[in-house]
Each structure stands twice: as C-alpha cells, then as structure tokens.
Amino acid sequence: MFCYHCQEAKKNKVCDTAGICGKKADVSSLQDLLMFSLKGLAFYSSRAEAFDLVSDKTHHFMAKALFSMVTNVNFDPADFVNLIDVAVRRRNSIRKKFLAAYQLKHGAEFDETLPEEASWQYDEASDKDFIAKGETVGVEKDKEGLDEDVHALQECLLYAVKGLGSLAVHALEMGVEETEQYRFMQQALDFTLSKNNTQDEVLNMLLRCGELGLAAMGRLNQANSDKFGEPEPTTVYLDTWDRPGILVSGHDLHDIEDLLAQTAGTGVDVYTHDEAIAAHAYPALKKYFNLVANYGGAWQDQKTQFPKFNGPVLVTTNSIQQPKKTYQEKLFSTGMVGWPDVPHIEDRKPGQRKNFSAIIELAKQCEPPEPLTDGATTTGYGLQALTALSDQIATAIEANKIKRIIVLAGCDGRHKERRYYTELAEALPEDALVITSGDTKYRFQHMDFGMIDDIPRLLDAGQINNFHGIIAFLQTLQQKMGLSELRQLPVSFDIAWYEQTTILMMLALFALDFKHMRVGPTLPPFFTANILDLLDRRYGLKGIDTPENDVAAMMAGE
Ligand code: SF4
C-alpha cells in the first residue's frame, strides 16, 4: 500500500500499511488498479474522440469512477472490483471500434506502442486477483523511469482530476454537464502514461485543470441555483427539536430535496451535517418546515456526533468514516459513497425521486436527537449575495475600513494543527473581512466577528464549489475598483486542504496567476522540495506559519 493523496497521510508522508482514513490495503490496491484501468480506457477513448466514438455513458462512467477514489468516498472492495471490470470492458469495446476506424481512415493499422494499462487482460473479475494485480501498480510503479519532480506534478494532476470527477458527477446529478471536462479527464489520464513529459508540460496541464475545476464549480453552483433558487443569507439554527430526525451529511442538495419532499408531513425532521449546512440557504429547500437545523460540525466529528443523533444518518457524496457499532445500523450511503455492509440507497430513476422510505420508516421509530449545542450561524453568501455587497465592500476598502479580505476556505480535518484556523481567525484585526466556503468554517463560525459598517465581517459562501462564487465576486470587485489584475485587490488566500477538490482551489489560483497563497495545515506530501520551491517562485505558494506571523504577513499584503 502506498497512498499519499490527502492531507492526512501518515506523518505527512505516506499511508503504507493502512490509511488514517480507514482505507485498508486491499481497497488501496483496488483503487490503484482502478486508476491503472482508467488510464488504459483513457488511452483509447482520448484517441477515439477524434472519430466521435466515445459515448456519454463512457464519459459519465469515467467521472464516477474518478469520484469514487476521492478520499473518504468509498471503502467497499466490491464496488471497486465492479468499477475495474467495467473500465476494462469499456476499454476493450472502444479499442475495437477505434482500431477499425483508424484502419479505415489511415489505410494502416494503429501501431503506437501500447502501455500495459491499455493491454492488460484477465479471465474473470475477482477481488483476489485484482488485489494482487493492484499491488504491482500505483504510485511507486508510475515513478519508474520518471524524473521525481515530474512524477510529483503528475500525481497532483491525477488527484486534481479525481476532484474534477466529483464536481462533474454532482453537476450531472442536476442534469448539467460539459463535454470538454470529460475530454480533459481522458486527456489527463492518457498524458500521465508518457515517460517524456517535461515539468512545463505537466504544469500547463495543471493550470488547465485549475481552469476547468473552477468552471466545474461554477457550473454546479449555477445548476443548484437554477433548481433551488439563488442562495440567500440565512440564519441556521444549531439546536434540536423534540421529534425524530434524519441527519444528512455530504454535499448533495438534490438528495436533500428528495428527502425533504418525502419527509414533509411525516413527523420526521431533517438536520444537516458538515457541508450539507449550505442547503438551508436555498429557497426551494428552506421552504420545507421540517428542514430544522444543522447538527454538529465537520466530517471528522461524525464518530462522536452520529451516535447522539439517535436517528438515521444519510451520507451523500463523501466523508464517510468507519462506522462505530453505536450507529452502524442507522447509517445509509448513497451516490458514489460506500462502506461494506452499510445499506445503500439506489440512484434515482429518470424522472423519479430517490426512494428514502427505508430511512424514513427507521427514523419514525427513533428518539429525537440529543442536543449538542444551541445558538445559530449564518450561511448563504453565494455569488449573488456577495455581489450585492460589492459596492459597500469597495467603498469600505477605499475608506480603509476594510484593510484586507482574507479568504479562509477549504476542508476541515482531524489534525490538531488545524486549531491554527481558529487562532488565525481570532487574531485577525477588525478591519479584516473574512470570506469562507467548505467545512473549514467549523473552526471559527461560532465566533462573533461583528460587522464592518453594515457588512457582516464573516461571509460564508457555502460549500467547496462556492469557491467559484468567491472568485467571481472578487473579479466584480476588481472591476468596480478599476484594478487591472485580481492580485491588485487587498486579498489573501489561506486554503485549508484535505482532499482532492481542495487541490482544485489551489490550481485555480495558479491558473488565475494569483500570487501569494497559503495552503495548510501541511503542504501536499506528494510535492518534492524542488516542486515546492518552483510553486513558491511562480505562484507564491506557501505553507502556514504561526497564526500571528501569518496574520501580520497577510495584513502587510504578503
Ligand atoms: Fe492515507 Fe489519505 Fe490515502 Fe487515506 S486517502 S490512505 S488518509 S493518504
């Protein structure tokens, strides 16, 4: 086992026996073999695009398979055996059509040297054989014959493409998609098969991935707004009610809508957890009286918080952890999420809602949740609400009432070093406006930030994908203030990363040529010292320091 694709890699180096996330060596090998198989599929599908031979189904499959490997999404070996088998069968089918089309067009056989990824075959799909094969592929095998700095950048590309897959699947669930991003996924996987890529070539791919990642976030936001209305600043209660409830964790607003529609009038309340808190801000979701509150905090607190909820918990999209016995029987997954023996709610059929009746029936038999806290917080500063504040914010900057905007966005996680984000928020002066998205906000949303004139000093844009709204708002602000470049705005980015969608935030800032950003609590373990140096010189990428030093540096414009 060799996995270092998230921020919690053991000692910030590598998980080599078992994952800190709960991933075991068998699943790690299967994920490595899935990536190997997807590269083989991409070898043919990226070439077959020229002949228009790649179906939507293949595009969707690739995005889903990439999404399944995002940290904390799926831990079920059976799911990966199936995905590998489908990838190889799709590869073989596209290969056949491509070779025929190539022969017809060129009057000669396709004669490129085939990487093993494009030619590997097996007799029968079996977990034992796939695990054994998976142990022979993966990060260390890919490194052979490659410059280690190029390899580091290519690993980053693979992880970013997984993040892109997750955004594409979320948007697809809302009926929105973009062919270009699917083509890029294929292109990127095929690109990493070459042993001749230069650093600059990989960097260019990373910048393109950053652009597409930002566009994919924007597309998802638009799809959410089109379906559920523009998010609006909304007070979210943090207490509990005296009826049984269902807790929803993850990002998927479509699932939440289906659940709300089916629970309305049943006497069962719906609570949000982690990034699902953003649901409270959407008009078509908050109209349901039984969407009552947010329960608990970020994903890493689920083992202590889920048992106290008493009712069933539905995990959509990602961030599932090994369930404790105290709540395993009440846990459900859906979408690409999976854990062995955790019941899975099947995908919705066209034109129908997902069927949550099993969860609702279970909820009716459960006690109401135990209170964890009380009070309230505010979310919903999506693009429209941020833009509505842009004149006031521009005026406050010009009047020196806002000295700096600090974008404190990204993921939360288990590391105790993440208290940095609380301490940093506490140490920021009153003329620093804080904008956030993602679940790192749980580190500081309980604090009273106060106001700057009529502007709340903490603006929560919502989920990770609402990072696009933050960037679009900053571009509006840049225009209003007559500045020619985004980086001339008094803005600093301090990104808390954990998994692969946050890598897209970093790449998006590279692509925007925004100099000076911090990424923490540790820098990605897959980057070499040379690459970190290069990224610092080109894009001003830094790790975090003490909260006091970083506050001083950011307020001084660094
Ligand atoms: Fe370790 Fe992260 Fe990989 Fe899990 S995803 S095995 S925690 S590096």
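Positions of Cβ are set from backbone N, Cα and C atoms, glycine also.
If you check TrEMBL, you get these features:
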- C3, C6, C15, C21: [2Fe-2S] cluster binding site (BINDING)
- C411: cysteine persulfide (MOD_RES)
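If you take the Cα of C6 ([2Fe-2S] cluster binding site) and the Cα of C411 (cysteine persulfide), they are about 11 angstrom apart, rounded to a whole number. Listed in sequence order, M1, F2, C3, Y4, A9, C21, K23, S28 are the same-chain residues six or more apart from C15 ([2Fe-2S] cluster binding site) with CB atoms under 8 A from its CB.
Under 6 Å, Cβ to nearest atom of ligand 1: this is the test, and of the recorded positions C3, C6, C21, C411 it is passed by C3, C6, C21.
Close to the recorded [2Fe-2S] cluster site, the chain also has Y4, H5, E8, A9, K10, G19, I20, K23, S28, T71: residues not among C3, C6, C15, C21 whose Cβ is within 8 Å of the site's Cβ mean position. Applying an 8 A CB threshold to same-chain residues 6+ apart, the list for the residue listed as 'cysteine persulfide' reads Q7, A298, G438, D439, T440, I464, A496, W497, Y498, E499, T501, T502. The secondary structure of C3 ([2Fe-2S] cluster binding site), as reduced to three states from DSSP, is extended strand.
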